[in-house]
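Feature annotations, courtesy of TrEMBL:
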| type | residues | note |
| --- | --- | --- |
| TRANSMEM | 126-150 | transmembrane segment |
| TRANSMEM | 214-236 | transmembrane segment |
| TRANSMEM | 256-277 | transmembrane segment |
| TRANSMEM | 284-301 | transmembrane segment |
| TRANSMEM | 313-337 | transmembrane segment |
| TRANSMEM | 386-408 | transmembrane segment |
| TRANSMEM | 428-447 | transmembrane segment |
| TRANSMEM | 499-520 | transmembrane segment |
| TRANSMEM | 532-553 | transmembrane segment |
| TRANSMEM | 573-598 | transmembrane segment |
| DOMAIN | 658-722 | domain 'CBS' |
| DOMAIN | 755-814 | domain 'CBS' |
| REGION | 815-838 | region 'Disordered' |
Amino acid sequence: MESEQLFHRGYYRNSYNSITSASSDEELLDGAGVIMDFQTSEDDNLLDGDAAVGTHYTMTNGGSINSSTHLLDLLDEPIPGVGTYDDFHTIDWVREKCKDRERHRRINSKKKESAWEMTKSLYDAWSGWLVVTLTGLASGALAGLIDIAADWMTDLKEGICLSALWYNHEQCCWGSNETTFEERDKCPEWKTWAELIIGQAEGPGSYIMNYIMYIFWALSFAFLAVSLVKVFAPYACGSGIPEIKTILSGFIIRGYLGKWTLMIKTITLVLAVASGLSLGKEGPLVHVACCCGNIFSYLFPKYSTNEAKKREVLSAASAAGVSVAFGAPIGGVLFSLEEVSYYFPLKTLWRSFFAALVAAFVLRSINPFGNSRLVLFYVEYHTPWYLFELFPFILLGVFGGLWGAFFIRANIAWCRRRKSTKFGKYPVLEVIIVAAITAVIAFPNPYTRLNTSELIKELFTDCGPLESSSLCDYRNDMNASKIVDDIPDRPAGLGVYSAIWQLCLALIFKIIMTVFTFGIKVPSGLFIPSMAIGAIAGRIVGIAVEQLAYYHHDWFIFKEWCEVGADCITPGLYAMVGAAACLGGVTRMTVSLVVIVFELTGGLEYIVPLMAAVMTSKWVGDAFGREGIYEAHIRLNGYPFLDAKEEFTHTTLAADVMRPRRNDPPLAVLTQDNMTVDDIENMINETSYNGFPVIMSKESQRLVGFALRRDLTIAIESARKKQEGIVGSSRVCFAQHTPSLPAESPRPLKLRSILDMSPFTVTDHTPMEIVVDIFRKLGLRQCLVTHNGTVLGIITKKNIVEHLEQRKQHVEPLTPPWHYNKKRYPPSYGPDGKPRPRFNNVQLNLTDEEREETEEEVCLLNSTTL
């Protein structure tokens, strides 16, 4: 009854606003970002933050400004720093939402007092739309700048425009009057490096010189990119999407979305793409957009002081990033909803849509590609697809799933080897080696020498009268009558067969190099390389089906719909379907991916082939492993991320996962009015726990609340500075009423305001399936485990992640054993009916008979566990 009254009093006093907790996250910094090492067990008892054992906090007795004789009750004034989070910790979603509701009520209660308060209320209401507008504007502008700079630097590897140095190859020849249709890329204004250095445009000498300059520029760009990342912003490397998913789930990584990361990632992304590495800029553009959203959120107190609200802005920013990456605003919103966001309310959906719209509008205004489109490889098809073609489309889906499963396993194995060997200690050398191998092999093949986006554009494009690519080198059949507006199917010429062999070599090259490139210490996206692999495979399959239909048009599968001289098969469509299938196999995206590719083509007619290929690739990939590449990298880095897509099917209880374990030291707790300042400081200095349960007394282990280590330290330091008489022997009181003390006792310190009066608790027999769902849906950092109201232990987010990892390697019976629900813990009272003696912890003292019975039970449990 007493604990129940305390609970109601704490709830009435809005103590739920101070729900504070911490996740047990040990950090290990590794150039690419934060690597969370969950293998150590030193601090598994409770919460191990960044404070190590033996770290002493300097708490001097500062002078007093206020000599009031009243107790220092911190409810009267907020303490700066209380309620904030350290780096590499998880936010408390419940507390942040309560803080936002309280702020909203306070603003609404004052808005009718004056015009100024009404203005502040309107500003607060519109601040969400303002921040997403600024984010969309910045994302679109930076995306346009990156596209223009990357195209220019990519062409710089082959030559330079003498008439205007800032023009790329295509722009340089736009205004030339000497450009022919067959050689549209050649003009007097554009000079290759061989022409500038040795004065030869053709011949072996010219080829060798261009080869050397190509390798030189590729190595220069790669070296400059990795050097900038290593020196100025280690967080700027990689795709960024795994870390953004983790941040949106509530994890804090200071500096990952900062201004230095934004600036360096923007510069090095251009250099990395221009170096010719097998990577793309679409994934890192999501990171760039989220950096913009994070920076602009600090301009508005509504988002700068609330971590949960800030993550709503980041969800909208990720939608803007995909919008400018693929020119797909609707696909960007669905990508944010399906792939990266952890909490996605309805108003975030509207703001994400608006941010994607603004970003796409800005990028369209810049027109970086000169084609009045948002992306380089925008295509339109005019030939319908036929039912028979679903079979090759599904085959491409199978290929995409197999590629995705292979890539995830191979890339994770290589990244794990990189972390465990000395090779990972030399990121600059690794990037140089990968760039050198890529440049040496890529130059002889015209399809690997191309920029990857240019390659996808060429593979997507249907052969028309204006196409001069070798993929369109068909033999003209003069006897075929043209019955449709499009060019009819024709027999393949020597150029097409030569292009197929080159595409096969390019496919092998892309598959191998993408495995080793994704994860190096430069900005590296995975969307474009995966789409290129699928587009190559799809184009090859499309040409094969096209030739099959031409030479065997009398077969029953072609006879009804493919007449002689008709344009039946579109190889570019197969390339598009293959690109979607391979990207889906790697990322396991479904709805958002189909919409993104649909927006690339501008036609609803090809939704069914895309859906069939993407779903097939997901099913095939899931047969080898259910996690995508981003989830695999999250698990590799050890981030505390609970994937909502993962199912929990194990028959374990909360008592099996909680800390402390049976052989661990007892759980460190605080009493509500029996400890001094020195006692608390000693506990803080001698442990690395990030929080402590507060109990009523040594005799009664009933739970009162939960106090954070950080809040305790800040509160004691603040009390010593603001009030005289707070010394080491001062009694610390977490209760509502201070107990009577002798007259000569030092002034007590009341810290009830920093106490979480309603920590989330579960019983020791709660199934872990329910506990995991609670952690996922409420965004908890920890929950306490009780037995008949007595604190037994604690379960943190780290414990959940560790347990899931252990159970992946463990097989359990489908039904629990007979002893599954048997009581494992002794009662709170001994055989004589009296409470068991305790010593400032929750370790239950057993009689000899009970200890023997418990040990026999534990042995039985261990012997029957698989």
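Using the three backbone atoms N, Cα and C, a Cβ is placed for every residue, glycine included.
Here the listed stretches are 256-277, 284-301, 386-408, 428-447, 499-520, and the one with the most C-beta pairs under 8 angstroms to the transmembrane segment (126-150) is 284-301. Per DSSP, the secondary structure of the domain 'CBS' (658-722) breaks down as 24 helix, 19 strand, 22 coil. Same-chain residues lying 6 or more positions outside the transmembrane segment (428-447) and placing a CB less than 8 Å from one of its CB atoms are 211, 214-215, 218-219, 221-223, 225-227, 230, 275-278, 418, 455, 458, 499, 502-503, 505-506, 509, 513, 516-517, 520-522, 536.
Using a Cβ-Cβ cut-off under 8 Å and counting only residues 6 or more beyond its ends in the same chain, the transmembrane segment (256-277) has close neighbours at 33, 142, 145-146, 149-150, 153-154, 156-157, 214, 217-219, 221-222, 224-226, 228-229, 232-233, 235-236, 240, 243, 247, 284-285, 287-288, 290-295, 314, 434-435, 438-439, 442, 449, 451, 513, 517, 520, 522-524. In this model, the domain 'CBS' (755-814) carries an average pLDDT of 83.
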